[in-house]
């Protein structure tokens with residue numbers, strides 16, 4: 001579908017240009033900067049919603065709202081944007097999560113202008129990545145995230161923030177090298193004039209050995225972001241030290257960039273290599289679920305416990321994509337959106353607990369259920385959502401991944417049975433570490449009592465943020481077609497099934 005207005009360029013550019021305007025805002029405290037940034041985020045989300053309702057056709061199974069402009073001719077880089085069901089779902093998630101993360105950052109009082117500037121730059125870069133139709137532009141948007149996250153970690157992180165930020169940069173930059181080499185190889189192979197346009201690259205073919213090498217190059221970059229075991233070790237350190245509003249963006253959006261790349265590039269452009277390596281992806285995804293769950297159970301720091309739970313849940317995304325079935329891929333897409341909501345909400349809850357106690361150590365906490373019933377109720381409800389309680393979004397997504405594995409025609413019965421058993425063990429381990437965390441936080445001895453100055457229950461702003469997360473979690477769980485009716489339009493053809 002073609003529109004006279006370049007809507008995608010507008011939603012990519014608006015946060016970036018709005019962020020560049022922050023230095024000229026009045027310097028009379030933090031209030032103006034806060035409300036300005038929140039207003040931009042709300043405006044951006046309203047524009048995304050408008051585009052979805054007025055310019056996007058769910059029944060049209062192709063890229064819509066295409067925009068292509070020459071940008072840098074010397075390197076054949078085009079400003080090429082387009083949107084389909086996969087990208088639209090993640091764009092909506094990005095707008096929703098970023099708006100609530102901005103509101104959650106209200107207590108920050110140090111260098112607020114720089115903080116909100118970095119958040120807006122991240123916002124524009126994430127939207128740009130999900131709508132890119134040029135593989136070099138995709139890489140450019142991929143790299144935009146690096147500096148804002150590094151600075152957010154360094155300036156507003158915990159005691160080990162420099163170590164965590166450096167580790168994040170090394171992992172991400174290392175993966176980006178593989179991504180760039182793979183993208184250049186794909187674009188230059190067999191062409192006198194290189195083309196980075198994804199639509200053109202769909203029709204290119206490669207020798208199988210070269211296709212596998214290109215696939216692995218992309219996979220390494222995505223394995224860092226997603227993350228996939230064993231490239232995950234940056235994530236617990238980063239989440240453990242970052243401010244909780246930054247964690248909301250990391251868990252809610254940043255991790256989904258890897259899953260999006262696996263579907264958009266590896267599955268769509270490198271189908272034969274994906275068929276060959278899909279079983280390995282499923283195996284590593286299953287190992288990741290078990291491994292991260294076991295490590296999570298041993299964490300005394302409950303923020304790191306939530307971080308390891310994120311790694312475990314993203315294993316279902318890897319399995320769903322590797323299943324090579326439409327059901328499994330739909331489950332992976334739904335799991336990305338579901339975890340984006342649940343993970344961001346849990347990190348916000350972890351931050352609200354820290355604001356009151358100044359500690360993340362479970363053995364120093366307990367007894368909060370009586371003095372803070374609202375916090376207890378929301379933490380319990382969202383933890384149940386994380387362990388895939390029926391009626392919540394996580395249940396539907398994990399069920400679809402299970403069904404995708406079982407119904408796949410590409411793998412032997414023994415292999416599918418083994419993956420299914422490992423997934424089942426993971427779903428059993430999840431309530432163990434989550435319910436144990438709830439018990440240590442809210443029961444036990446009375447750290448929180450009526451005389452304790454930290455025993456302050458959730459305020460209106462915090463309740464509003466959590467309810468905003470909870471409503472779509474329940475909505476998707478009760479009526480998953482809210483997402484599947486959008487996401488199913490973009491599933492690439494699977495000629496080998």
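Placed from the backbone N, Cα and C atoms, the Cβ positions cover glycine too.
Annotated features, as they stand in Swiss-Prot:
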TRANSMEM  5-25  transmembrane segment
TRANSMEM  88-108  transmembrane segment
TRANSMEM  112-132  transmembrane segment
TRANSMEM  135-155  transmembrane segment
TRANSMEM  212-232  transmembrane segment
TRANSMEM  243-263  transmembrane segment
TRANSMEM  275-295  transmembrane segment
TRANSMEM  306-326  transmembrane segment
TRANSMEM  331-351  transmembrane segment
TRANSMEM  387-407  transmembrane segment
TRANSMEM  418-438  transmembrane segment
TRANSMEM  463-483  transmembrane segment
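Long-range neighbours of the transmembrane segment (88-108) within the same chain, counting only residues 6 or more positions beyond its ends whose Cβ lies under 8 Å from a Cβ of the stretch, are 11, 30, 34, 37-38, 41-42, 44-45, 48-49, 52, 56, 115-116, 119, 122-123, 126-127, 130-131, 156, 243-246, 248-249, 252-253, 256, 260, 333, 336-337, 340-341, 344, 348, 351, 355, 461, 464-465, 468-469, 472, 483, 486-487. Below 8 angstroms of C-beta separation, residues 86-87, 90, 93-94, 97-98, 100-102, 104-105, 108, 119, 122, 126, 129-130, 138, 142, 145, 149, 152-153, 156-157, 218-219, 221-228, 235, 303, 310, 314, 317-318, 321, 329, 332-333, 336-337, 339-341, 343-344, 346-348, 350-352, 354, 492 of the same chain, each at least six residues beyond the ends of the transmembrane segment (243-263), sit close to that stretch. Away from its own ends, the transmembrane segment (5-25) comes close to residues 32-33, 36-37, 40-41, 43-44, 47-48, 51, 55, 65, 67, 79, 81-83, 91, 113, 116-121, 123-125, 127-128, 131 of its chain (Cβ-Cβ under 8 Å, at least six residues beyond either end). Here the transmembrane segment (331-351) lies next to the transmembrane segment (387-407) in space: the count of CB pairs under 8 Å, restricted to residues six or more apart, reaches at least 3. Among 275-295, 387-407, 418-438, 387-407 has the largest number of CB pairs under 8 A with the transmembrane segment (463-483). Sequence-distant contacts of the transmembrane segment (418-438) (same chain, at least 6 residues past either end, Cβ-Cβ under 8 Å): 282-283, 286-287, 289-290, 293-294, 296-297, 299, 302, 305, 309, 312, 315-316, 319, 362, 379-380, 383, 386-388, 398, 401-402, 405-406.
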